[in-house]
Each structure stands twice: as C-alpha cells, then as structure tokens.
Amino acid sequence: MSDNGELEDKPPAPPVRMSSTIFSTGGKDPLSANHSLKPLPSVPEEKKPRHKIISIFSGTEKGSKKKEKERPEISPPSDFEHTIHVGFDAVTGEFTGMPEQWARLLQTSNITKLEQKKNPQAVLDVLKFYDSNTVKQKYLSFTPPEKDGFPSGTPALNAKGTEAPAVVTEEEDDDEETAPPVIAPRPDHTKSIYTRSVIDPVPAPVGDSHVDGAAKSLDKQKKKTKMTDEEIMEKLRTIVSIGDPKKKYTRYEKIGQGASGTVFTATDVALGQEVAIKQINLQKQPKKELIINEILVMKELKNPNIVNFLDSYLVGDELFVVMEYLAGGSLTDVVTETCMDEAQIAAVCRECLQALEFLHANQVIHRDIKSDNVLLGMEGSVKLTDFGFCAQITPEQSKRSTMVGTPYWMAPEVVTRKAYGPKVDIWSLGIMAIEMVEGEPPYLNENPLRALYLIATNGTPELQNPEKLSPIFRDFLNRCLEMDVEKRGSAKELLQHPFLKLAKPLSSLTPLIMAAKEAMKSNR
C-alpha cells in the first residue's frame, strides 16, 4: 500500500478484485479439538412411554376408559418437537439420517467428500447454523459471563442432551422445534442469513402425520402467535410518535429498495435537516418483536460513531423509521472502488472501535460489522449503522449489494454455535480491515456454506499479500482475528494499539469518497 500524501490531487485507481485465498494449515486443523474425527454417535431409540402419551390425546379410545378414571386428563403438548438425528459412517464417508433439505444444501456447497470425512461435525455445525432461523437479530443484548467456563463446542445433532445456553440472550430453543426450511429458489450466494426470516418465511414445523393431537397443538400455537402479533403491534403504537411523516418530512427521494421496504432521503420541514427514512412493510416482517427491540435499543444508543435514530411513525401496516443521513455512502463503495492506505484504514478502525466500545459497554453486540454497515459523511465522519430493518442503500447492480448478511464476516465461535460474547464484533472488524486492504473479505468467491466450513476449520484467514503490510498492521489484524476468544483483543484494548496512532485525519477520507462516487457514476 502507498502512503502517498498527494491523494487529494489524484484519487487512486479502483482495485481489481482478486479471488479469495484459502488458508492452508498443512493438514493441521485448528479446531480439531472441537470437531472429533470419530464417527458421530448412533441414533438413540425413542422411548416407548411417549407413544402412550400420544394415544391419550390423539383420540384413541380402545381400552382407555379405565385409564381415564385413574389419571387426570392430559392436554396436548405445548412445545411439539421434530427432532433431527444425523449420523456419519466413517467407512462409507456418508451421512445417515440427514434431512433432504440439508442433503441438497450439502450437494451444492462445494464441500468435498474428503473435507466431509475429515470433519463431519463441522459440516453438521455449519449446516445447522446456515439453515437455522435463530440468526435473526442484528443488535443483540448480551449478559457478561460470571464464569470463564463456556462449552467448548456444540453437541452432535443426534445427542439427546440439551445445549448449554450461549452468552447471547436470544431464544434459540425455537429453531430446535423446526425442520430445516425448504431451499429458496433464489441463489444461495445472494441470500442474507440475518434477514432470512424476512426474505424467506420459515415454514411450519413438520410433525408426524398420524398424530392428530400434535396437529391440534400446532394450530393452537399458530393462534397464539397471531395474538402475540396483535400485542406486538399494540406495543409498537406506544413506542412510535403520533403523526403523519409525509407532513413532517418533504422532498422524498428513493435511494434504496429491500426485501421488506424502501429507503428514502427527505427533509425535515421544521429544521430543514436532511434525513434517511426507512419505510417498512410490517406484513413482510414475521418477527415483529425484533423491530420493537431494535427501536428501543437505538433510542438509547446515542454516540458520535453510531448513525443516530431520530424518530418513528406507524401508518397502518407501514412503519417509518427516521435516521440520521450520511451523504458519503457506505464504506463498501470506498473499499471496492479505491485503494486505501494504512493510515486511512487505521482512522476507520479507530472510529469503529470507539463505536464498539460504547456498544459493548452497554451490553449490546452488533453482530454484523462489515463495510456495508459503516456509513461515511462527506467530511470523513465514520459511523456504524444497521439497515437490517428493510433495505440496503447500496445500488442493486453492485455485486456487493447482494452480499449483505452473508457469513464471510462471522467469527468461528458463531459459525460453530458455541457460546459467544462481544468479541465476535472484533473478529468481524478484522475481516473488514482485510476488506479495506483487498477490496473483499476472505472466501467471498466461495459458496456461503463452504465459506462457513472454512471459517470453522481453517480459522484465521490468510492475506493475499501479507508482505505488503507493515508489521504493526499485521499485529493489529492478528489481535482481531485471534481464534482463542480469551486472547482476542477487546474494543477497549485495541483502541490502545500502536497501529491506530498511525491514523490520518478523517478529512483524508473525503478524496476517497469523492473518487468512489465518480467511479460508480462511470460504471452505470
């Protein structure tokens, strides 16, 4: 990289995208301790008494009159469960009992048979993670651990025991009750994991067809969900402001379109301030409680390095979220269209770490740090944002615009479904720093499922040209991309790293922003 101080006079040429380099461990698997090479345990037999309970509420009457007198009436189960049992045959190298949807995903994943045989548990981990509907929140609250002892890995999918709770306080039990959803018709490479519940509503759980009582239980759950949605809408009405946003804001100009809504710029009539307004169609939001959570969190998070929430309105089923507008666009435009020097990268990393230190101090994990979610002001200000509500501002013709929410920035402990905390954001920041160097994250050209496998088994990715980076920058990256979470730097610690002392003034980003805008105009 060049430290050319004349950047303002002549912006550098846009970088040419190169294929991702896959890190090789020379046969050594950093996560071998977590993913045993032995065959997975055999499928445990179902317990007989379960069928007796089913017969009680399924309408069977043979020989049941006497028993009905002896025992109280048993209601249908409130949490019907469709358990998946998957095994692996080390001799044939084939999985047994794998759901058809998973098998299809695996066939198109480009994970080789050798890789599957080498680490079958890692394959199951990433399949379950990729197909899980628990990856649904972007801003998440977390509880600081009282003890250092967390589970070292996820249990095998055919284990009967319950999984130890993660540090993150999200309801992960729900996904254990649902079978893998049907593969969406759109290409997997463009699918957003974080917005999967918005783009592809998860189908109802698949139960045993002969259990009428279970079907009734599912109907009961659906009614309960509908009632909960009504309660959520009522709660939302107590949070938003009263009024018509079309009267308070004028000069609406569409700048983005997403799966469940649209992003506009507009002008505040009273203040003359330009704002960004996200118009969200709540009918396309199956998890409306997440919207309440995000609004409440954003209302509390006021920080110079976070795009500020301004107001919200509810008009019918349309939610309008008003946010601070930054005209410089996303960092993605800069990293894909220009070349950044180390001092400019240091400036961006410092600003993002300041935002993360604030979030983590308030027990919030962002969990989606990437260049797409870093917005720039024309004067060079750097702010974290989250457009997970509905739309992405990046133009649709851009290759990167389809990659929002994909797994390339995820920390290994997230992919392998271990307990995790705020340091997942630090890993993602390290991946974003690689973006600023190379124009893309590692494994971008891989199938998303194989990318997850490589993250889980390879760990720290390798740079394409590490010799071009200064030792101090490489050390910063190593601190961010440390596999051992305990050794990985925190936001507070990394703010003291010598690399950040190299940072140029934020105004040095303005020429890059201008150059990126010009390059994007010429590409249209």
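Cβ atoms here come from the backbone N, Cα and C positions, even for glycine.
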Quick check on the annotations: Swiss-Prot lists region 'GTPase-binding' for one of 69-112, 201-244. Which range is it?
69-112
Listed residues SER197, SER371, SER508, with the one flagged phosphoserine by Swiss-Prot:
SER197
According to Swiss-Prot, one residue among TYR130, TYR139, TYR313 carries the annotation phosphotyrosine; which one is it?
TYR139
From 245-251, 392-398, which range did Swiss-Prot mark with motif 'Nuclear localization signal'?
245-251
